[in-house]
Amino acid sequence: MIHVRHRHLALLLLAFVLAYLLPLGFHGLWIPDETRYAQISQEMLYSGNWIAPHFMGLRYFEKPAAGYWLIALGQQVFGENLFGVRIASALASGLSVLLAYLLAGKIWNDPRKQFASALLFMSFGFVAGQAGYANLDPQFTFWTNVTLLAFWYAVHSVGRARLAAWALVGVACGIGFMTKGFLAWALPVIIALPYMLCQRRLAELLRFGPLAVLIAIAVCLPWALAIHQQEPDYWRYFFWHEHIRRFAGDNAQHAQPWWFYMPLLVAACVPWALLLPATLQQAWQEKNRPDIAFLLLWLLLPLAFLSLSKGKLPTYILPCLLPLALLMANTLVERLDRGHSTALRANGIFNATVTFLGLVALIYLQLEQPVYENEPMHLSLAIIVLFGWTLANALQGLRPLTCWATPALGSWLLIALLPAALPNDVINNKTPDPFVVRHQAELAGCTQLLSNDLGAASALAWRLKRPDVALFNTWGELEYGLGYPDVQGREVRLQDIDAWMKNARSQGRVGVIMRGKSDEELKELESLPRDGQRYDEGNLAILVYEKSAS
């Protein structure tokens, strides 16, 4: 059994390296998230201010600091490059895969269910996609997973092991809070309390829970006090704007209907989505088992809680996917043992059919109305991805009992190659930092920088290691930070651009990166002087203006 587990772990580690780590440095940072998190964490490195997050030199209080610390650490260790920015997400996702493996082992002590749990979780589309994407959700998901794994260990241990597990609950809650806020406390409570009530062990929760609470507070308190001292308005803004208004406000950011997460849960577990009905059916039939009850509560209660919120983003459901992977693995392995292949066969055939039709559609469009313009490499990679996905899922459909795991190969191939297989039209408009790199030598000598797009501005700031980009007729999420008196003059309105440009050029060379897609953006682009050196890529333009004659 030990040899089997070692082989399983070796396979998972190989998949982690090939699918999660290797692709990290081969495509530009996606806007708006990746460039934002890269720049904020880089600014921590250069400013030495590890307490209060700043975005392009402006106060940015949408999240606490700990998530930025890990991204900054990645850049400190691996360099201020694409790999360094993304490594925190990849490691957090990889460690969550390990947690799925460990929790399945603790619950069932079955190597096949352990391996299936980790493999399913690692190949879920949402999980694998976020592993190569620099944001805070993989980190927050990891700390939530640690919290609930430690809770399960705590309620199934005695003596010092139980105390250590409760202490780990507190540590993980504390770091989770410093990563993304109060949700790190809410999710464990809404899962643990009903579970202990159902198991008639509420007294145990009341006895040991305060230990976890005290440790969580002890972990958070130094930073919480430090940021209050440095930025007295932080907690008001973070609590009311980022939590209360987003949860219940009529004008909540990213507002979506209550049912938003239902179809999204199906999409999140692709390429295993057709196993979902059988998984939920079996879990409901076995809901009286403590292990299944715990996993069901972990899956459903956060989903219900998040559905009540007015503001919703797809990645918010990431903490629900580890229990889903375990429930699905339990169903899958038991069906394999009984020789039941219907659900697996249907899953493989459905996935292969959809992707094959996508491949046919791509070839047809390429012949009739090309998606790829003189991009043989990108087109070849797209065909490889679609063909590989089709083949991997067709194997499951044809031989479901022996090739049940092959959809994971298709998922990992997709995640590894898709960013490089996209058309230039998408890449050029959504990843501006390679465009900046190609003209970095000219931009580096500029004394003033300007942009009308926050994503492009943050890419420029990160690549040039300069947060002082002036914001031309755009502020968006930086509106709060721009309201402080010590940063006045960072925004440039349309009616003031001539005066700003004249003053800036009197001091030295001026570098500008502009987006010219909407009518308003085109108007902003037209308002700039015509005597600059201009470079265009997609709907982005870089302009370099020489210093004006004195």
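Using the three backbone atoms N, Cα and C, a Cβ is placed for every residue, glycine included.
According to Swiss-Prot:
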type	residues	note
TRANSMEM	11-31	transmembrane segment
TRANSMEM	87-107	transmembrane segment
TRANSMEM	115-135	transmembrane segment
TRANSMEM	171-191	transmembrane segment
TRANSMEM	208-228	transmembrane segment
TRANSMEM	258-278	transmembrane segment
TRANSMEM	291-311	transmembrane segment
TRANSMEM	313-333	transmembrane segment
TRANSMEM	348-368	transmembrane segment
TRANSMEM	378-398	transmembrane segment
TRANSMEM	403-423	transmembrane segment
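Between the transmembrane segment (291-311) and the transmembrane segment (258-278) there are 3 or more Cβ pairs closer than 8 Å, counting only residues 6 or more apart in sequence, so the two stretches are in contact. Residues 96, 99-100, 103-104, 107-108, 110, 112-113, 116-121, 124, 126-127, 130, 135, 137-138, 140-141, 144-145, 187, 254, 261, 264-265, 268-269, 272, 275-276, 278-280, 282-283, 292, 294-296, 298-299, 302-303, 306, 344, 404 of the same chain, all 6+ positions outside the transmembrane segment (313-333), place their C-beta atoms under 8 angstroms from a C-beta of that stretch. Highest Cβ contact count with the transmembrane segment (87-107) among the listed stretches 115-135, 171-191, 258-278, 403-423 falls to 115-135 (criterion: pairs under 8 Å). If you look at the transmembrane segment (171-191), the same-chain residues 6 or more away from its ends with a CB under 8 A from one of its CBs are 63-67, 136-137, 139-140, 143-144, 146-148, 150-151, 212, 215-220, 223, 238-239, 242-243, 294, 297-298, 301-302, 305, 319.
Most Cβ pairs under 8 Å to the transmembrane segment (115-135), among the stretches 208-228, 258-278, 348-368, 403-423, belong to 403-423. Distant neighbours of the transmembrane segment (11-31): 38, 81-83, 85-87, 90, 93-94, 97, 101, 115, 118-119, 122, 128, 131-134, 408, 412-413, 415-417, 419-420, 427, 430-434, 453-456, 458-459, 462; these residues of the same chain sit at least 6 beyond its ends, with a Cβ under 8 Å from one of its Cβ atoms.
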